[in-house]
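Q: Before we start, here is the structure in question, set down as structure tokens.
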There are 2 protein chains.
Amino acid sequence: MAGDEDDEQSSSLTESLLQHNSIHLRRSSPNNTSQFAIIGSNSCPIESLDYELIENDLFNQDWRSRGRAIKLRYVFLKWTFCLLIGIIVGAIGFFNNLAVENIVGLKLVAVSNLMDEHKYWTAFGVFATSNLVLLLFASAITAFVSPAAGGSGIPEVRAYLNGVDAPDIFSLRTLAVKIIGTITAVSSSLHVGKAGPMVHTGACVAAFFGLGGSRKYRLTCKWLRFFKNDRDRRDLVTIGASAGVAAAFRAPVGGVLFALESLASWWRSALIWRSFFTTAVVAVVLRFFIDICNSGHCGLFGKGGLIMYDVTSDTMTYHLADLPPVILLGVIGGVLGCYYNFLMSKVLQMYSLINERGPIHKLLLAAVVSIITSVCLFGLPWLAACRPCPSMMNGDCPSSNRFKRFQCAPNHYNDLASLFFNTNDDAIRNLYTTGTNDIYHPLTMVIFFISSYILGILSYGVVSPFGLFVPIILTGATYGRLVAVLLGSHSNLDHGLVAILGSASFLGGTLRMTVSVCVIIVELTNNLLLLPLVMLVLLISKTVADSFNHNIYDIILQLKGLPYLEGHAEPYMRQLTAGDVVTGPLRIFNGVEKVGNIVHILKTTGHHAFPVIDEPPFSPSPILYGLILRAHLLVVLKKKDFLPTCTRLGEKALKKFVADDFDKRGSGKQDSINDIDFTPEEMEMFIDLHPFSNTSPYTVVETMSLAKALMLFREVGLRHLLVVPKSSDREPVVGILTRHDFMPEHILGLHPYLMSSRWKRLRWRPSTLSKYLRSFVLWLAHRT
Amino acid sequence: MAGDEDDEQSSSLTESLLQHNSIHLRRSSPNNTSQFAIIGSNSCPIESLDYELIENDLFNQDWRSRGRAIKLRYVFLKWTFCLLIGIIVGAIGFFNNLAVENIVGLKLVAVSNLMDEHKYWTAFGVFATSNLVLLLFASAITAFVSPAAGGSGIPEVRAYLNGVDAPDIFSLRTLAVKIIGTITAVSSSLHVGKAGPMVHTGACVAAFFGLGGSRKYRLTCKWLRFFKNDRDRRDLVTIGASAGVAAAFRAPVGGVLFALESLASWWRSALIWRSFFTTAVVAVVLRFFIDICNSGHCGLFGKGGLIMYDVTSDTMTYHLADLPPVILLGVIGGVLGCYYNFLMSKVLQMYSLINERGPIHKLLLAAVVSIITSVCLFGLPWLAACRPCPSMMNGDCPSSNRFKRFQCAPNHYNDLASLFFNTNDDAIRNLYTTGTNDIYHPLTMVIFFISSYILGILSYGVVSPFGLFVPIILTGATYGRLVAVLLGSHSNLDHGLVAILGSASFLGGTLRMTVSVCVIIVELTNNLLLLPLVMLVLLISKTVADSFNHNIYDIILQLKGLPYLEGHAEPYMRQLTAGDVVTGPLRIFNGVEKVGNIVHILKTTGHHAFPVIDEPPFSPSPILYGLILRAHLLVVLKKKDFLPTCTRLGEKALKKFVADDFDKRGSGKQDSINDIDFTPEEMEMFIDLHPFSNTSPYTVVETMSLAKALMLFREVGLRHLLVVPKSSDREPVVGILTRHDFMPEHILGLHPYLMSSRWKRLRWRPSTLSKYLRSFVLWLAHRT
């Protein structure tokens with residue numbers, strides 16, 4: 001153990017710094033971390049969710065009255081909701097695809113017809129204008145109607161499932177804009193996908209079932225109130241999100257795993273079971289609709305739309321000798337992926353500066369990106385040479401999407417146009433098709449890969465609902481084909497197979513998911529024999545990319561400023577105790593408190609919970625009775641059932657209330673203390689807070705290490721964690737820890753000496769990689 | 001809210017009972033729940049595992065000295081271990097299959113040859129004797145060498161991952177007996193499988209890597225000590241178990257999901273990632289070995305052995321009209337499954353009475369079961385008529401395992417013998433094969449189903465290592481075929497497909513797993529299009545069976561008396577507070593404690609942790625300093641670095657220790673206080689316990705509801721939870737909660753009035769179902 005002495009020195013320095021600087025500071029200054037985050041495309045206030053059971057007298061009585069019948073009703077409702085969520089999300093998923101296929105189909109048919117008449121400029125005009133109009137429509141409804149619907153929504157859903165609530169993310173308006181916006185944005189041939197928004201859509205649909213109906217429209221029912229709490233809503237949203245993934249990729253197992261691996265922060269075995277049921281329903285619904293479409297009633301839907309690349313082909317064999325190219329594919333895919341994330345974060349930062357300036361700037365940005373995309377999509381195919389149709393088809397390219405004529409003569413096709421001038425889904429299908437090693441020219445692959453990589457990065461920051469998944473799959477497939485072409489005769493692998501592996505490696509390098517991506521790819525391609533290769537590639541690319549930066553969702557979460565609570569403690573948290581990060585001022589209430597005091601404190605602070613302390617004469621010494629929530633205080637104040645004197649009323653106080661009164665309302669729908677008026681007499685009266693206080697709040701002693709306090713906070717899913725003193729001669733509560741007190745910026749702000757890299761995690765930066773690469777290239781050049 | 005008054009009455013009754021009866025009782029009487037459980041086939045003492053970070057001065061210093069290099073080393077080791085576990089488990093899995101296929105193959109070839117010569121009695125003699133010898137060998141090595149290797153081991157692994165440790169479950173001896181015993185027991189044609197033991201085998205292999213080498217054989221290294229704690233061991237065992245499942249079924253994704261869904265109690269995202277890597281390695285290793293075998297060097301291994309039923313066939317189509325039979329299949333499968341569990345539990349209880357009497361009785365039981373099985377397997381096929389070989393094969397049955405001649409004339413086959421007179425794997429493959437609707441006579445299916453159902457129940461309780469999975473799959477497949485035969489022309493579904501669905505429904509009805517079983521079936525059959533149907537059947541059968549009893553692993557866990565800590569609180573726990581279940585007497589130490597006191601307390605109690613209290617003069621009032629473990633106390637006592645006077649030494653006390661001294665040793669390897677001798681002078685000296693105490697123990701206030709205390713205990717993974725008093729005028733610690741204090745038998749023993757069904761979960765009993773069924777049948781009979 002070399003370096004022990006150094007450590008002791010630094011630790012004693014640490015301690016002295018700690019004692020001198022912060023003890024005085026920390027009790028008085030409030031936590032200044034931002035309570036705002038970018039939701040969709042606008043900055044909104046955020047709030048924490050509360051998964052704790054509020055065990056006050058009212059809850060206990062309410063719970064006691066739940067007989068067997070009510071429990072059965074609750075179970076029945078849960079499963080019915082799963083069924084309904086599955087049906088609705090499946091239908092929306094199908095509808096999205098139907099709409100996109102038809103709109104894009106109409107557009108491409110019109111443009112192709114003009115090109116057949118050699119009206120190239122008109123064709124470009126029609127193409128670019130329709131793209132522009134479609135994207136501007138999507139951007140406009142997002143910017144003006146529901147900014148929360150912007151982007152894929154996956155970061156917001158992830159944050160919600162981690163306990164961060166934002167108004168509007170699950171509103172009806174958001175859902176409508178999300179669906180319509182996705183359809184138009186994807187139809188505008190922008191390099192974006194429709195899979196990501198399905199996650200948000202599914203979560204939205206599921207969240208409606210957790211609202212407990214609407215009192216405004218009298219659409220409510222006593223049964224629905226079982227779900228009016230954050231725990232049941234969390235379960236519903238998790239289920240909805242997995243249904244969304246399942247609908248996007250027609251991958252029921254992949255959907256469950258995606259939600260499990262990369263969305264949910266808390267997971268229970270029962271939830272696997274219910275979300276699995278939901279995704280099975282989604283799969284059945286999709287099958288039902290596709291059966292209908294197969295009879296030809298769906299316009300230009302054809303066989304396409306819903307991604308399902310059947311590649312069950314006998315040419316997909318591989319041997320141990322194929323491992324080196326596959327490993328190479330994984331390594332390069334990881335590097336490409338980490339650069340993609342790096343560039344994406346830079347572009348997003350730049351775009352956010354533009355988008356901040358207002359809706360007009362958002363639309364301008366969208367217009368510029370749309371025009372660039374249209375120029376690329378229409379212009380680049382001219383670089384490719386016309387190729388005669390393969391001889392096996394008797395020199396005649398079939399009218400399917402695999403071969404596009406573009407500007408070529410009959411019986412010829414333009415291979416670049418077959419990729420550019422198509423929906424992303426069809427392009428992926430083309431690239432995945434086996435036995436097509438000679439269909440694409442190497443240069444085509446180079447051009448398509450570079451433009452696909454760049455367009456993907458440029459597109460995502462535009463204000464409109466769309467996702468990242470499909471462009472990443474497409475770019476990865478191109479990268480795989482490119483590698484296959486470069487390898488040439490050194491490998492016997494089918495190029496279609498390598499394209500699939502390329503997708504896997506690029507997904508592993510950007511999204512960094514493993515099991516779910518693997519299962520989704522296997523479900524997409526319907527070929528289980530691929531599994532070991534896909535796994536290997538994913539593992540390698542993820543490992544490579546993970547040593548440089550975070551996955552793309554984490555990067556976006558950070559850019560959006562969402563206070564995501566990680567499941568593990570940072571090393572520096574072991575250096576601190578819970579008492580070190582508690583910030584003041586702490587507001588407490590007596591067991592029987594004066595109305596005036598309560599109103600004053602509620603008006604002057606933004607806290608959401610207050611400790612209730614019993615002092616003499618109610619107890620021999622000051623003891624902690626429990627914790628009362630602001631929302632519950634407001635309900636009690638509204639009833640105005642005050643006591644004239646400072647006496648303890650006990651459970652009698654509950655007579656005036658039913659449990660429904662205290663149900664958690666939907667996000668954004670909160671009472672404010674300013675809405676209630678009090679007479680001066682009322683302000684002098686008292687409330688007995690005992691029956692409304694949660695008597696079982698979780699507590700930690702102030703000497704508990706912060707890392708272990710975080711474990712408790714995160715594992716149990718708390719909103720407030722009480723810090724109690726070590727010795728008994730002080731107030732029974734020292735402070736309250738909330739989500740924001742665990743955020744690195746807060747902790748490192750209080751204790752700046754922890755910033756030293758010593759306590760931070762290992763991570764290289766992409767720039768370091770560039771440096772190494774450069775020196776490697778220089779070394780190579782020097783040698784030759 | 002009808003019934004409110006009743007509730008108040010009962011609750012006030014509750015309270016008065018609580019105050020009168022238990023307050024005096026609970027502090028004085030210790031927790032009497034059993035600290036013994038049946039591990040494998042013997043009753044052994046069990047212990048809890050400790051996943052808490054022990055944050056004492058030593059740990060902090062040790063942790064501080066971990067530089068970047070050590071962390072990298074740790075990460076590197078973790079991945080290397082995954083790779084090694086994958087390779088070893090994959091190799092063992094393959095070896096098991098190779099051995100079984102060859103032994104059974106030799107046996108069947110010999111018997112068939114004798115039958116061809118019409119020496120039927122000799123054939124039966126050879127068959128029965130070889131079966132008897134093989135099973136007796138397996139039973140004998142289990143009973144005499146390592147009783148912990150008995151059974152499938154899945155309940156023990158599940159309990160381990162829940163925090164229950166038992167000596168010997170992961171010892172080298174257990175591993176050897178497990179492998180050899182499984183091979184011989186499965187080769188003895190008993191109606192058992194080799195999949196379950198692979199889980200235990202995988203966990204065993206992984207656990208070795210967590211031992212930190214062996215000091216005895218000098219096979220240790222400084223690096224290995226990173227894993228000498230229960231957290232890292234838990235991770236390793238989880239990974240090993242998933243590798244085992246993957247090796248058993250050649251199902252890498254299914255392996256991970258199985259561990260996630262039904263083995264692990266705690267799971268982290270990083271763990272999915274690593275276990276996925278391991279199962280991928282297993283898949284590659286298996287592929288490598290099978291490639292070798294395909295060149296014909298594996299004796300009778302052939303194409304069989306490793307379950308992989310390729311059923312990618314075009315005849316597997318289905319439509320919405322097929323849903324009713326599928327739903328029926330699920331419902332009946334659920335009922336059959338719950339009865340299977342019910343009967344199994346009765347038989348296991350009966351067998352345990354026999355097995356308790358000693359090894360000879362165990363062997364006798366094994367012999368009886370083996371003879372019954374041999375008689376069934378050899379005798380029942382005589383009931384079936386000989387059938388001519390199908391015409392498509394030109395009247396000549398191929399020599400594969402699909403058709404067995406048995407006693408028939410050439411060009412004929414005995415359909416029952418094709419199932420009975422085969423390995424279970426081959427029988428399943430026969431049943432799953434599509435396009436074989438007419439191969440099996442309906443009566444054959446009836447006979448095989450009934451005998452398979454009964455033999456499966458009779459076999460599992462025999463003392464020997466084997467599993468449940470394969471017989472359940474086989475019984476389910478037969479049940480599916482039977483339903484298909486009964487449906488006849490009412491359904492167009494292929495009988496092979498219905499057999500697969502039958503397996504799924506029976507698995508759902510017995511094991512009650514969903515996602516993992518579904519993925520395993522899909523990976524087994526290599527046909528993704530089955531997914532929605534398999535899901536549906538599983539969901540229905542699980543739902544039906546769940547309303548009657550627990551899954552089979554839970555039943556076995558309970559029979560074995562393993563204190564499994566559920567993730568959810570039972571309703572009655574909300575009625576109690578943490579203080580209500582704390583039992584005494586509590587032993588505490590002072591911050592600086594007399595050696596004599598420590599030795600006395602360690603000798604007179606079995607507690608594993610003691611609160612350390614600072615009293616004047618070390619602090620102004622008694623405060624809780626931390627928690628010290630028995631294991632750590634023993635290490636400190638062994639060094640005999642005692643203080644002559646009662647003074648606080650601080651961190652200087654650590655000089656004599658390195659962190660290695662305090663590493664958690666492997667299960668069963670613990671020091672005992674009786675091994676250390678003290679002189680009378682030493683007994684009068686002092687130890688400063690401060691540097692060795694965990695200063696961040698988790699605490700709950702005594703008024704915290706028991707349900708919420710359980711959440712904390714379970715979610716964070718604790719072994720000891722300190723209960724602190726509500727008011728400050730008492731000792732700073734009221735008691736310690738451990739796993740056993742949360743066990744229903746303890747709580748209901750202390751508070752018997754909670755036994756009323758009111759606070760219990762909903763569950764019907766199979767006997768209730770029988771009652772309903774009987775009245776339904778009577779009603780039907782009455783009508784007609």
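The first residue you see is number 1, and the count goes up from there.
Every residue gets a Cβ built from N, Cα and C, even glycine.
What TrEMBL says about a protein is an automatic prediction, not a curated fact.
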Q: Could you check which of B:170-192, B:699-721 is flagged in TrEMBL as transmembrane segment?
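A: In TrEMBL, residues B:170-192 carry the label transmembrane segment.
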Q: Run the contact check on the transmembrane segment (B:499-522) against the transmembrane segment (B:271-290): 3 or more C-beta pairs under 8 Å, excluding pairs closer than 6 in sequence.
A: no
Q: Answer with yes or no whether the transmembrane segment (B:120-149) touches the transmembrane segment (B:326-343) by the criterion of at least three Cβ pairs under 8 A, sequence separation 6 or more.
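A: Checked: the transmembrane segment (B:326-343) vs the transmembrane segment (B:120-149), no contact.
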Q: In the predicted model, what is the mean pLDDT computed over the domain 'CBS' (B:693-753)?
A: 88
Q: Are there residues at least 6 beyond the ends of the transmembrane segment (B:528-545) whose Cβ is under 8 Å from a Cβ of it, and what are they?
A: 316, 318, 323, 326-327, 329-331, 333-335, 337-338, 341, 497, 500-501, 504-510, 512, 514, 517-518, 521-522
Q: Most CB pairs under 8 Å with the transmembrane segment (B:74-100): which of B:120-149, B:170-192, B:271-290?
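A: Maximum Cβ contact count belongs to B:271-290.
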Q: Decide whether the stretches the transmembrane segment (B:363-384) and the transmembrane segment (B:170-192) have at least 3 CB pairs under 8 angstroms, with pairs required to be 6 or more apart in sequence.
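A: Contact criterion met.
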Q: For the transmembrane segment (B:236-259), give me same-chain residues lying six or more residues beyond its boundaries with a C-beta closer than 8 angstroms to one of its C-beta atoms, as numbers and ranges.
A: 81-82, 85-86, 89-90, 92-94, 157, 160-161, 170, 194-196, 198-207, 209-210, 227, 267, 271-272, 274-276, 278-283, 286, 306-308, 469, 513, 515-516, 519-520, 522-524
Q: Relative to the transmembrane segment (B:466-487), which of B:120-149, B:170-192, B:271-290 accounts for the most Cβ pairs at distances under 8 Å?
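A: Looking only at B:120-149, B:170-192, B:271-290, the most contacts with the transmembrane segment (B:466-487) come from B:170-192.
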Q: Is it true that the transmembrane segment (B:170-192) and the transmembrane segment (B:120-149) have 3 or more CB pairs under 8 Å, sequence gap of 6 or more?
A: yes
Q: Do any residues of this chain, six or more beyond the ends of the transmembrane segment (B:120-149), have a C-beta under 8 angstroms from a C-beta of it, and if so which?
A: 39-42, 44, 103, 107, 110-111, 114, 156, 166-169, 171, 173-178, 180-182, 184-185, 187-190, 200, 359, 362-363, 366-367, 369-371, 373-375, 377-378, 407, 462-466
Q: Summarise the domain 'CBS' (B:693-753) as counts of helix, strand and coil residues per DSSP.
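A: DSSP composition of the domain 'CBS' (B:693-753): 24 helix, 12 strand, 25 coil.
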